[in-house]
Amino acid sequence: MFGRTFSLQPNFFGIKKYSNDELEKFNAKNKTILTNMKEAKMVLLQFRGERDESWTDEQIKAYEIAISEYFINDYKNPHLKVLVVSNSFAQKEIQRGGLKLQPFLAVGFVIMVVFTVFTELIIGAAFGMLFFAGFRFGPIILVTPFLILAIGVDDSFLMMHAWQRIVSKLRKHPRSDDSIEYRIAEVLAEAGPSITISALTNIMAFIVGALTSPPEVELFCYANAFALFVDTVFSVTLYAAIMAICGKQEMKTENQTSNSSLKLQKHLQKAKNVCYNFLDFYINLLTKVSVSIFIIILLFGYLALTTYGLLNLGIDLSSHKFFLKDSILLEADNYRLKYVIPYFTPAAIIVNNPGNLSDPQRIKNLNNFIHSFETMNNSIGSDATKYFLRDYEEYKDPFGDLPPGIKPFNAADLDDFLSWPEYSFWKGFLKLKTEKNGSKILDKFFVNVGFEGKELVSWEERGRLLKAWRDEVDKYQDTFNATIYSDDALFLDLIKVIPSVSWQSAAATLVCMTIACFLFMFDPFTVIVASLSICSICLGIFGFLHFWSISQDPVMMAATVMSIGFSVDIPAHIAFHYYRTGVTSSSIDPSVKARLKHTLAAVGFPVIQAGVSTCLCVLSLLMVPMYMSEVFVKTMFLCIILGLIHGLFIMPAIFNLYQKIRTNCFSKNRRQEKDVKNVALKGVNFFGDFDNPKMTNALAPA
């Protein structure tokens, strides 16, 4: 074209050519054909525009989106299917996926209303303050409201349950100084440390994740950390104030009785008795040595299975993970993966310091630099390279009059060179700079070099190729200050970052959790058990995600940072209350059986309530057919289920075995435990009844 030859490889894909026999048939019929191409599955066209200084970013974004929407909604052609891809449209599609979650926030809210209401205020307050402070919006933070609904209701359950136990105790044993102030103080004294431990560790986990994560995951982490801070403040202020207002009304009527209230209390008492009987049976079974050992054996099997899953957790950064299933970008990416990448994968070499190209030696060095890429493995060669100096040399010597070799370069010729129709496209490759004297010089330019190989459909192979490009560029770093740009580089770099960030977040969370626990518990063994439980939960989440067909990617990174923080909650509640039974209440039998019974009666039901409500809430995310929703639901389910298993089974079994070993093997002056057949577990209440006769069952020696 225009007397020039150029490669069609960067633009035509899925080509089939006429065979020699077919061409001979055309010749026999005296038919002429324009090309030997029989068909092309795909034609790729790239358009570059010169930006006017008056254009704003929003105008450019609107323009690019309008082009895409025109071909989606208005352009109709039975022979052509046009798919337009641009950065602006890709961002819009990602946001569309996130915004699809918004209507279902109401579903989660309705589910939570069954349990509690005030968590919705936390979401509004946190988001309002963030956006007022100029916090950037990102689609991924639309998951935050669902998470705060789950966490906020956990705090609510703990405080409500503490209130019920305190009220029930005061009804049985009235105090002369009873007041709403006293009751709220008792609630905060009992539930406050658990809430604070989980809040501190969650916030620390998200902050650590933000410091070591890519921008979108960083945004998600900061949003969650701040929302959790607001949740904690609201729990001990606004929610406590609401409890005080409602508690005053309850105190006015709590001594009034009626037939209906007596009938209700009778039914409640029956329900309580059933729960107490089950708790007795469960604790008696759990504290048997054989059962505890069996649980530990299962734990080792679980650790082996999840370790295998973790070691085989692959990395997949496919585009289908970031868009809705009806997005045209998925179709465009499928074509790209099938027809483009194996046959033309471009590397853009950006030369930031061209230097004085009027020096023949510098041009020679630059040519050698580009030639080194054209001779690399998988390189197509010079035919697929877009390098402006080769056209510039033809422009300078169109008839071959000059002697062979490097042609002289003059930056003053560039304006004229770029004004020629056949060379005008180079404007998109060159950046000129005007000097103080009015002359123009070449400031920067980039070169496209093509690579091919069917193995390049693999992310690992593209990562290997990207590393080879960067290694080659580094050899000329001092000379040309060159860099490499690739469309996949951002994702390929994440492949190396994702595992390290996940491990750093897990390790930092464990350290933060240990520190936070030591602030409230001074028993090293209890803190160690809680910390190891969190490690085990995190290992289980990572391992089972592999078996659940989830691979490492930015969405999974955000979900695991979240789960690492939330995995603290249940072990922290169980560990703190178990520790508290051993140091703060002289009325509680010191045997491990009594301590476990008190612990599970105090927090067992609230954590189960919180777990069930959280699962129901995040299930609404599945109403949007999107990978991000699937990952967060699966991660939260694993976090909750594994947390409950560790808190209700594994940690009690470890406490029981530790106490048995300590009593039977390491105590020189073993003492037989007292007969506690008639010892009531005062302060233990499943639904608010402190001195229930069912709680006076005999306790076997620990």
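Each position is counted from 1, following the chain as shown.
From the backbone N, Cα and C atoms, a Cβ is placed for every residue, glycine too.
Per TrEMBL, domain 'SSD' is recorded for 102-245.
Per TrEMBL, transmembrane segment is recorded for 104-134 (among others).
Residues annotated as transmembrane segment in TrEMBL: 140-163 (among others).
Feature annotation from TrEMBL assigns transmembrane segment to 184-211 (among others).
Here TrEMBL flags 223-246 (among others) as transmembrane segment.
Summarising the annotation, TrEMBL assigns transmembrane segment to 291-311 (among others). Sequence-distant neighbours of the transmembrane segment (291-311) (same chain, 6+ residues past either end, Cβ-Cβ under 8 Å): 285, 536, 539-540, 542-547, 649-650, 653-654, 656-657, 660.
According to TrEMBL, the feature transmembrane segment maps to 501-520 (among others).
Among the features that TrEMBL reports, transmembrane segment is placed at 527-549 (among others).
Annotated transmembrane segment per TrEMBL: 555-579 (among others), in sequence order.
As annotated by TrEMBL, transmembrane segment applies to 600-623 (among others).
Residues annotated as transmembrane segment in TrEMBL: 635-658 (among others).
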Restricting to the same chain and to residues at least six past its boundaries, which positions have a Cβ under 8 Å from a Cβ of the transmembrane segment (555-579)?
140, 147, 150-151, 154, 158, 193-194, 197-198, 201-206, 209, 213-214, 216-217, 220-221, 224, 321-322, 494, 498, 501-502, 505-506, 509, 513, 516-517, 520-521, 523, 526-527, 529-530, 533-534, 537-538, 541-542, 545, 595-596, 598-599, 602-603, 606-607, 610-611, 627-628, 631-632, 635-636, 638-639, 642-644, 646-648, 651-652, 655
Of the listed stretches (184-211, 501-520, 635-658), which one yields the highest count of Cβ-Cβ distances below 8 Å with the transmembrane segment (527-549)?
635-658
